[in-house]
Each structure stands twice: as structure tokens, then as C-alpha cells.
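Everything on this sheet refers to the single structure shown next.
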């Protein structure tokens with residue numbers, strides 16, 4: 001009887017520690033996820049080129065962090081607001097670095113301009129509506145954007161399969177989709193909250209697919225501007241066109 005009581009106590013303590021530790025681990029995973037794009041951004045800075053990396057993952061992460069910060073403010077949730085604010089700061093840095101070294105900034109500018117207009121509209125709604133309304137107004141877009149953030153690296157899926165090269169996938173973000181998606185899914189199950197479970201379960205699935213592609217098609221990493229130049233065709237100097245006026249042979253008297 002005492003052994004059964006000991007097992008029951010051990011089970012209770014394990015559950016109690018899990019309940020207390022999982023939220024802390026979830027916060028830690030969010031912080032690590034915010035830092036995970038850093039190696040990719042460092043590669044872009046060293047090469048002074050965006051290379052093969054798409055803009056979408058950095059863009060969606062930045063916008064998602066802003067909206068989650070608004071959500072944390074409306075719900076007075078310091079955990080969500082604090083980790084999301086860190087994501088805003090780092091996401092802004094990632095976006096600025098990408099913008100600086102992008103060869104064609106037209107699409108990048110268009111995406112950022114559209115996002116800022118939507119964010120300003122949401123901020124106005126947060127400032128003028130009741131907390132109950134703003135939780136829905138900010139919570140639903142934040143969840144949708146978290147899905148976009150997780151899936152955005154796979155926008156290059158067709159090219160990856162055609163070229164058998166997954167080097168365009170950001171390894172850090174893909175790996176953390178698996179880790180953070182797993183932890184937050186467990187936390188959501190403990191809370192019984194589908195709004196937490198569903199997007200994180202989706203992120204976990206996307207992360208597994210991305211990491212599998214990286215392992216299957218590692219490709220060749222480009223780390224320096226010298227390697228970028230080596231892949232480009234040699235530059236040819238344009239030939240000067242000589243006007244017929246000056247192309248005539250001048251006969252000089254002997």
C-alpha cells in the first residue's frame with residue numbers, strides 16, 4: 001500500500017513539475033527561436049548579398065512579432081508581450097539587413113509598406129476598442145501569421161525539388177520550428193487551448209518537412225562574396241561604337 005502511495009506521490013510531483021516547467025521552457029524556446037535566423041543573416045552580411053535566401057520567413061516573423069506584442073499588451077500578458085517585443089527588435093534587424101543587400105527591393109518595399117498599413121490599422125483598433133474585442137482582432141491575425149512564418153520557407157519547394165538543393169532554407173528557423181512547435185503544442189494541450197495547439201502543431205509539421213529537406217538535399221553553402229563572384233559569369237567590357245565620321249581613313253600627303 002505504501003509503495004502505491006509513493007508511486008502516486010511521484011506521479012503527482014512529476015505532473016506538478018511539468019506544469020511549472022513547460023511554460024518556462026516554452027518561453028526559452030521562443031527566445032531561441034528569435035535568435036535562430038542570426039546565422040543566416042550573418043551569412044547574408046558576409047556575402048553582401050541575399051544569396052539564395054527568400055525574404056518571406058524574415059518578413060512574416062517580424063510582422064507576427066509586432067501583432068503578438070499588441071496581443072500581449074491587450075491581454076496584459078507580460079510573457080507573450082515580452083518575448084514578442086524581443087522578436088520585433090530582432091525581426092526589424094533581420095528585415096533591414098535583407099533590405100540592404102537585396103538586389104531588387106521593389107517586392108520587399110511593397111510587402112513592408114502593405115504590412116505597416118495593416119499594423120497601423122490594427123494599432124488604431126487596439127487603442128479605440130475594448131480589450132475583449134481587441135483580443136480577437138489581434139489574436140486571429142497573429143495565429144494566421146505564425147502559420148505563414150512556419151510555412152514560408154517552403155515557398156521555394158518547387159525549386160528545391162527541381163535542383164535537389166535545400167540550401168535556401170534557413171536551418172536555424174527550420175530547426176526551431178520543430179523544437180518550439182513541440183514545446184508549445186505540449187503547453188497548449190496542458191491548457192486545453194486549440195488556438196495554441198493548432199498553429200504550433202502546424203509549425204512542428206512544417207519544421208519536420210524543412211529539416212528533412214535540408215538533410216536530404218544539403219546543397220552547397222555560399223559564405224563569402226568571393227564565392228558569389230566565382231559563380232557569376234566574367235564581366236565583358238562594352239565595345240565602343242566608332243562613328244562612321246571618324247572611321248574614314250585619312251589620307252595624308254607623303
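Glycine too: its Cβ is placed from the backbone N, Cα and C atoms.
Some features that TrEMBL has for this protein:
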- 12-35: transmembrane segment (TRANSMEM)
- 55-73: transmembrane segment (TRANSMEM)
- 79-99: transmembrane segment (TRANSMEM)
- 111-128: transmembrane segment (TRANSMEM)
- 134-155: transmembrane segment (TRANSMEM)
- 167-188: transmembrane segment (TRANSMEM)
- 194-217: transmembrane segment (TRANSMEM)
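Here the transmembrane segment (167-188) has long-range neighbours at 22-23, 25-26, 29-30, 32-33, 35-40, 52-54, 57, 61, 150, 153, 156, 159-160, 194-197, 200-208, 210-211, 213-214, 218-222, meaning same-chain residues at least 6 beyond its ends whose C-beta is under 8 angstroms from one of its own. The stretches the transmembrane segment (55-73) and the transmembrane segment (134-155) meet in space: the count of Cβ pairs below 8 angstroms, excluding pairs fewer than 6 apart in sequence, reaches at least three.
Beyond the transmembrane segment (79-99), the same-chain residues lying 6 or more positions past its ends with a Cβ under 8 Å from any Cβ of the stretch are 23, 27, 30-31, 34-35, 37-38, 41, 44-45, 50, 53, 55, 58-59, 61-66, 68-69, 71-73, 105, 108-109, 112. For the transmembrane segment (194-217), same-chain residues at least 6 beyond its ends with a Cβ under 8 Å from one of its own Cβ atoms are 139, 143, 146-147, 149-151, 153-154, 157, 160, 164-166, 169, 171, 174-182, 184-185, 187-188.
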